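The structure under discussion appears below in the form of structure tokens.
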Protein chains: 2
Amino acid sequence: MKQITIKTSTHSYNIYTGKNIRFNVKEFLPKKYSSILIISDDTVNGLYLDDVKGSFSADEQVFHSVIPSGESSKSIHTYYQLQTDAIKFGLDRQSLIIALGGGVVGDIAGFAASTYMRGIDYIQMPTTILAHDSSVGGKVAINHDLGKNMIGSFYPPVAVVYDVHTLQSLSEREIRSGYAELIKEAFIADEAFFHTLMSTKLHEISAEQLEMHLLEGIKIKASIVENDEKETGIRKYLNFGHTLGHALETEKGYGTLTHGEAVAIGTLFALRVSESVFTSNLPYDIYYEWLKNNHYPLHLDHLNIEKIIKMMKSDKKAVNKQVQMVLLRNITEPTVVEVDDQDLKQLLDIFLRELVKN
Amino acid sequence: MKQITIKTSTHSYNIYTGKNIRFNVKEFLPKKYSSILIISDDTVNGLYLDDVKGSFSADEQVFHSVIPSGESSKSIHTYYQLQTDAIKFGLDRQSLIIALGGGVVGDIAGFAASTYMRGIDYIQMPTTILAHDSSVGGKVAINHDLGKNMIGSFYPPVAVVYDVHTLQSLSEREIRSGYAELIKEAFIADEAFFHTLMSTKLHEISAEQLEMHLLEGIKIKASIVENDEKETGIRKYLNFGHTLGHALETEKGYGTLTHGEAVAIGTLFALRVSESVFTSNLPYDIYYEWLKNNHYPLHLDHLNIEKIIKMMKSDKKAVNKQVQMVLLRNITEPTVVEVDDQDLKQLLDIFLRELVKN
């Protein structure tokens, strides 16, 4: 088992990673709770709920709620249902919520915890690679019909318990999705890690490699969050690839493209824009080839560019209705740039045509 | 104009009170905002929206949303509608929300601000006496069908701008409602203030008296909040009268009894329970006579006691499903006591019978 501690100006909590630690969740809790609500989705529920529940003794009050798998669960409707469950189960201010699942479960369960009775403790138990990113740092949210993650809080968990054994049940698509965030982290913070990832073939990856990559990603994320919990400065860099990524996810309908798949394309586009703004020499082609070789879906047609630009303008990072994009002056040198609508439209148009052509 | 500064461990903000300061709101903002959304209800909107809007110049982006008056607006539905408005108006992370109205508007607008894009700034502009309590301290929330204020945040405003002139438009019922909270504050913190209030006749109160009482209440509230922003200790005392109060509000249906009317009865009951637990000599009769003379609604019939006890047990202060009540060992000596279900039931039964009889 490995342990990384996150210390921000106001909070401190531990991230535990290791094989089969889901069976010992109770050991990682910072205090005793009056009752516990485990929230998972209908995929994870069947796989790991009993393991986690088994960590607690029979006389403890442990309840569970199951939400449908997929991004469409990050809705106000499901959120309200979780609040109803929490009230009906009798959760009080001394209760704990456990978010057992991928990014969707972590985001909605964390947001439910942040607002139930004005906030109770929760822990993150990620079961996907992708969730290494969302489970660390305390950004929790649900989607609005008009935009992703528009309703949420900054509300750190009291612990992150990451059982890497659960990653063995992931599909290829979920592995691809997770690696998109790892590559993003490498781009903004660690060039050697980037090259390591580019030499990785996802279909033949070993459990050891995966755990190593995951820890590398968590370390990058942790170091950024420690310095800027509320995203007033450098934390914005973690949105590299997400400006177009979020818009694509929304436009294609949550769930059509996975979050990671959308971010992969968004990252590629951010590289293209970076080249255009800074005329720097970024590894666009290397990354593009890697995406293709690892079977990322790159052919997007029937996209309404006007609508996508409009969504990019309503992104949470936008200020005064101008798109703010994280770009790279060079690899590991991110910066936030306000991009002109017309330039953006032209670049996006060319970029999407290229993707369809190749 | 008077100014009180609230300093908690993490935040600091000013409360401004004065006549007609609504015309100068802009002067009280801590910084420049990219756009502003004024949220009010359909009563306040017609009275004061233009005054507040007039404080800003024509080239500033000032939008407004109007919600229906009354407690039933503190719903998930209205909350989501406000988020929709905020997105459609193009509010970004540098935008401000102004909560212009009573406690309902302050609570829901504050909660919307606390969760829009994970939190933007907001100011409170209370227009009722009752809201002197809710506008200070950063407790914001909406109601769940199963309980009042069950969904919310601790999220302080960046300023409170209290134009006492707006109190002149209050109905007698709203004045009564507001004084219930002032009396609660007096009970837990200031005996002289309690006697002052008991010698006040609400129907002949002057604007000067009212402002003086209001400032007294704000000072009590401010001093408690400064010492315990997140309600882990002494802030709980502010819930004096609220355990039964909230249950009555929910049981009678939000809006049938005003919040203050419910709190007035809840306070009376808390005095009765205090006498029973501590056999102390509290001014139950004085307070009861005052409520009667000032025409508070005290006749509650057709109440389902079992249901009320159940609601008291799902109150946010309940721990391990035991009702926690704030009681007085003596006037200005509050304490939190776990009350046994059976005792509570018996006391409540007798209390309600007495009320109906008198």
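Glycine is no exception: its Cβ is also placed from the backbone N, Cα and C atoms.
These figures come from a predicted structure and were not determined experimentally.
Annotation source TrEMBL lists domain '3-dehydroquinate synthase N-terminal' at A:66-176. Confidence in the domain '3-dehydroquinate synthase N-terminal' (A:66-176), given as mean pLDDT, stands at 95.
In the three-state DSSP assignment, the secondary structure recorded for A:S69 (NAD(+) binding site) is coil. According to TrEMBL, the NAD(+) binding site annotation covers A:69-74, A:103-107, A:127-128, A:K139, A:K148.
The feature domain '3-dehydroquinate synthase C-terminal' is assigned by TrEMBL to A:178-318. Helix, strand and coil counts from DSSP across the domain '3-dehydroquinate synthase C-terminal' (A:178-318) read 100 helix, 2 strand, 39 coil.
Per TrEMBL, the feature Zn(2+) binding site maps to A:E181, A:H242, A:H259. Residue environment of A:H242 (Zn(2+) binding site) contains 26 other Cβ atoms, counted within 10 Å of its Cβ in all protein chains.
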Problem - Residues within 8 Å of the A:E181, A:H242, A:H259 Cβ centre (excluding the Zn(2+) site residues themselves) - result: A:L130, A:D133, A:A180, A:K184, A:G241, A:G245, A:G260, A:A262, A:V263, A:G266
Exercise for the section: Consider the binding-site residues A:E181, A:H242, A:H259 and say which one has the Cα lying nearest the Cα of A:S73 (NAD(+) binding site). Expected result: A:H259
Problem - Which of A:K148, A:H259, the listed binding-site residues, has fewest other Cβ atoms within 10 Å - result: A:K148
Exercise for the section: Can you tell which of A:S69, A:S73, A:T128 has the least company, meaning the fewest other C-beta atoms within 10 angstroms of its C-beta, among these binding-site residues? Expected result: A:S69
Fill in the blank from the handout: In three-state DSSP terms, A:G103 (NAD(+) binding site) is classed as helix
Fill in the blank from the handout: Top of the binding-site residues A:E71, A:D107 by count of other CB atoms within 10 A is A:D107
